[in-house]
Amino acid sequence: MPRQKTALINITDPNGMAAHMLRYLEWMAIKNYSERTTNARRVDLHNFNTWCEERSLHRAQDITKPILERYQRHLFYYRKENGKPLSFGRQGVLMISLKGFFKWLARNNYILYNPASEIDLPKREHRLPKAILTAEEAESILNQPDITEALGIRDRAILETFYSTGIRRAELAALTVYSIDRDRGTVFVEQGKGKKDRVVPIGERAQRWVEKYLNEVRSQYSVDPSETTLFLNYKGRGIVPDSLSFMVRDYIEQAKINKTGSCHLFRHTMATVMLENGADIRFIQEMLGHARLDTTQEYTRVSITKLKEIHNATHPTAVLKRRKQSKDTVTNAVTDTPKPTDTVH
């Protein structure tokens, strides 16, 4: 079940399932679904259509609930090239794509009954972020770019922006020269995940590095005066999300930090540390652009520092240890007190 970036759905029958898939994707575009969502749905439908073609299932009317349950079992037992199974989250996303497609078919009277309406999705996993950086580790990564060179200044500005704002890699790649409000110290994230705009603060240090990049470097990369993308590659085009991941991963390895992740590592770290330092969770939700609070609450499960403080203060063994230490201190104080000497009158 490869996660292809693009997928072509071949039409052999204008009334077949593949043709309906293209109509559905067109409907999504008309209804202003994001390009990212539409492309992801295209890949999911392509994978399902391929599976159906292999079993001579060519028309939407051929698909029944038992067939969809067979496909769901196929997803469960599928193994990727590295031998690992699809996560339950990924399996759920694939089935959600099919639920949306068959719901659309039924609403538009292409089929009499929606076979996906009663399909149960896998129970949602609550996974913690795999790794969090310490403050020292984050600073070590930030210090890796060679700031005596133009590329190093650009990369330092990118790393600082990730760490300060916690925005996603696609959101950073989409920033323009007009996204930074230098007077207010904010970044305008336009049409982020879920096609939602938001404004997030950017720290003074990160802002200084972005300004240094704008003043000293960007003009060296710029080829087209009409190009407004903030961070450019050496060809003068906007840097793409995958390139950001490779770049950040390279600096993490240069810093000799043995933790998984790339751009999102800064996002996880920012959210967790700010929570530990007392930030309100709803502020973190706004910063990260989460539609649901329970998504942000995953970070409260990672924020272990406060929990350790409470554990050390209240756990019976810790209390007993402090009592023993206090008793020993009193005993030692009594033992060390000099006895009064007898006075001869």
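Cβ atoms here come from the backbone N, Cα and C positions, even for glycine.
Per TrEMBL, compositional bias 'Polar residues' is recorded for 328-345.
If you look up TrEMBL, you'll see 15-106 marked as domain 'Core-binding (CB)'. In the domain 'Core-binding (CB)' (15-106), helix, strand and coil residues by DSSP number 68 helix, 2 strand, 22 coil.
When pLDDT values are averaged over the domain 'Tyr recombinase' (127-312), the model yields 87. Sequence annotations record features per position, and here TrEMBL assigns domain 'Tyr recombinase' to 127-312.
What TrEMBL lists as region 'Disordered' is 318-345.
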